[in-house]
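Report on the structure given below.
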Amino acid sequence: MQDAITSVINSADVQGKYLDDAAMEKLKGYFQTGQLRVRAANIISANAANIVKEAVAKSLLYSDITRPGGNMYTTRRYAACIRDLDYYLRYSTYAMLAGDPSILDERVLNGLKETYNSLGVPINATVQAIQAMKEVTAGLVGQDAGKEMGVYFDYICSGLS
Ligand SMILES: CCC1=C(C)/C(=C/C2=NC(=C\c3[nH]c(/C=C4\NC(=O)[C@H](C)[C@H]4CC)c(C)c3CCC(=O)O)/C(CCC(=O)O)=C2C)NC1=O
């Protein structure tokens with residue numbers, strides 16, 4: 001896993017140089033948004049179950065997916081879907097704190113699309129649910145932090161697509 005600091009330092013180290021202006025700017029931006037990130041992570045962790053619940057209500061509930069024949073039908077599959085959304089929320093929060101998406105590649109997206117395809121988990125509906133979490137989260141943490149979180153929700157969606 002990388003974060004905004006290690007990624008800037010690693011690329012300077014590869015060239016055997018001190019940080020250049022662009023690297024300094026990147027770090028400055030990261031440090032300036034530090035409080036915003038920590039505050040957002042606090043709000044999200046205190047409201048995680050509700051964020052998932054609201055996102056499901058907005059995107060999946062009462063659709064064909066929750067009826068017989070749908071991939072969320074049966075309690076077991078419904079619970080698996082909720083659990084997956086909770087993973088996406090928690091790992092997006094980690095990535096937002098780190099200011100870097102590498103944790104998503106390593107722990108979430110690796111092999112996920114293949115797993116979903118082999119189990120018949122619908123990717124479109126999953127992307128819709130993640131987009132709904134993005135909206136609900138932004139409503140709670142505010143526009144600036146919501147935009148930061150949005151980067152990582154979108155990263156998961158494009159990794160699935
Ligand atoms: C931390 C990283 C991590 C991720 C991301 C993860 C995902 C993940 N989701 C799975 C299943 C599943 N995922 C879903 C999800 C959904 N079905 C829908 O219709 C909805 C659109 C959607 C929810 C948004 C469902 C229903 C299953 C069970 C499918 C089945 O067994 O038939 C499985 C197969 C094994 C299992 O059932 O537990 C994995 C590995 N596991 C992990 O360890």
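For all residues, glycine too, the Cβ spot is worked out from N, Cα and C.
Curation does not apply to TrEMBL; its annotations are automatic.
Over in TrEMBL, the protein carries these features:
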type	residues	note
MOD_RES	Asn71	N4-methylasparagine
BINDING	Asn71, Arg76, Cys81	(2R,3E)-phycocyanobilin binding site
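Features per TrEMBL, on structure.
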| residue | record | Cβ within 10 Å |
| --- | --- | --- |
| Asn71 | N4-methylasparagine | 20 |
| Arg76 | (2R,3E)-phycocyanobilin binding site | 9 |
| Cys81 | (2R,3E)-phycocyanobilin binding site | 21 |
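Looking at Asn71 (N4-methylasparagine) and Cys81 ((2R,3E)-phycocyanobilin binding site), their Cα atoms lie 9 Å from each other.
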